[in-house]
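Participant: Structure provided below as structure tokens; questions to follow.
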Amino acid sequence: MVVFSQVTVALTCFSAIASAAAVRQEPPQGFTVNQVQKAVPGTRTVNLPGLYANALVKYGATVPATVHAAAVSGSAITTPEADDVEYLTPVTIGSSTLNLDFDTGSADLWVFSSELTSSQQSGHDVYNVGSLGTKLSGASWSISYGDGSSASGDVYKDTVTVGGVKATGQAVEAAKKISSQFLQDKNNDGLLGMAFSSINTVSPTPQKTFFDTVKSSLGEPLFAVTLQGTGRPWHLRFGYIDSDKYTGTLAYADVDDSDGFWSFTADSYKIGTGAAGKSITGIADTGTTLLLLDSSIVTGLLQEGYPGSQNSSSAGGYIFPCSATLPDFTVTINGYDAVVPGKYINFAPVSTGSSSCYGGIQSNSGIGFSIFGDIFLKSQYVVFDSEGPRLGFAAQA
């Protein structure tokens with residue numbers, strides 16, 4: 001999930017893909033990437049309705065006026081657990097090492113760069129564009145977000161290494177212009193997109209993602225993720241499945257990648273101990289903090305946990321007392337019950353010191369599918385397998 005304190009990427013779909021080269025990895029079994037966290041002064045804050053608005057824009061949904069107003073005004077600024085908001089991965093690009101936000105809901109690798117002003121670079125590790133890379137002539141990129149923020153720049157080809165996995169000639173989108181909203185989160189230096197290359201936003205020719213470049217060099221063309229919160233480290237593994245990280249048997253769901261996302265269908269859902277509901281189609285997205293569902297499911301779950309739950313115009317989303325005990329939310333995938341503990345749904349106070357909390361689940365604003373963001377994913381061991389393609393789910397060990 002791209003945070004930069006307030007943002008998540010909005011995408012445009014393209015059809016053609018440019019090429020990059022993988023370097024054959026030894027040994028071929030795979031590599032592990034561990035979490036990093038930069039030590040920066042001050043307290044990191046997060047714009048909660050900004051997170052929500054940006055997730056909606058990312059998937060082409062209409063942002064309700066109340067959510068937009070709350071996001072722009074910054075009326076719900078808070079400090080949740082660090083690992084509940086963003087998942088950073090150390091990435092070496094040329095001679096520079098940056099901490100990038102790991103995002104399975106986008107297909108761009110874009111970074112803070114030496115093309116920014118010195119004040120914009122302050123506190124960030126940046127990609128030195130004059131070091132080893134080669135500028136891709138005529139190529140550019142530009143993104144905009146639900147809170148009004150934006151970034152754009154040039155494209156370079158360079159060597160990119162993540163946890164020992166190396167791609168040569170990888171497209172790197174170097175920020176040349178950036179709005180002020182991006183500068184607040186000093187931990188985060190950019191984005192590592194891991195969706196399908198068909199939605200890469202480089203113009204005029206979309207580029208391959210890092211994963212699509214390197215997957216042929218791995219023992220298996222997959223990556224596996226263990227997202228965790230409350231200060232525990234998370235892990236990203238390329239090329240192999242680590243049986244020590246999950247319990248039981250992996251349950252697989254077919255992926256529909258026609259729109260460029262890791263989209264799957266769960267057989268049913270359940271609120272608490274209630275009856276099973278209908279099937280749910282959604283996207284597995286590490287780049288979205290929240291779990292976005294049909295509004296009827298959201299209201300049903302929150303009303304069961306606290307009858308006074310409300311969709312607050314001032315907070316820009318569903319809120320409830322922080323003391324409320326919320327029911328678990330379960331989705332069944334090929335016979336496996338993936339459980340989101342109720343405590344995860346109680347995400348964060350709407351503002352520092354508030355007794356009202358912002359819901360970790362929010363409405364999908366009628367887009368017709370769900371977004372299985374970090375609120376869901378951090379309770380699971382998840383395998384993103386390009387063969388099929390398919391997704392594997394199991395309870396974390």
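Cβ coordinates are placed from backbone N, Cα and C, and glycine is handled just like the others.
Pulled these from Swiss-Prot:
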type     : residues : note
ACT_SITE : ASP103   : active site
ACT_SITE : ASP285   : active site
DOMAIN   : 87-394   : domain 'Peptidase A1'
CARBOHYD : ASN311   : N-linked glycosylation site
SIGNAL   : 1-20     : signal peptide
Participant: I'd like to know which of the active-site residues ASP103, ASP285 has the most other Cβ atoms within 10 Å of its Cβ.
Facilitator: ASP285
Participant: In Å, rounded, how far does the Cα of ASP103 (active site) sit from the Cα of ASN311 (N-linked glycosylation site)?
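Facilitator: Counting only the Cα atoms, the answer is 28 Å.
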Participant: For the domain 'Peptidase A1' (87-394), what's the model's average pLDDT?
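Facilitator: Here the predicted model's pLDDT, averaged over the domain 'Peptidase A1' (87-394), is 93.
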Participant: Can you grab the distance from ASP285 (active site) over to the residue listed as 'N-linked glycosylation site'? Cα atoms, rounded to a whole Å.
Facilitator: 24
Participant: Who sits close to the residue listed as 'N-linked glycosylation site': which same-chain residues at least 6 apart have their Cβ under 8 Å from its Cβ?
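Facilitator: Listed in sequence order, they are GLY317, TYR318, SER363.
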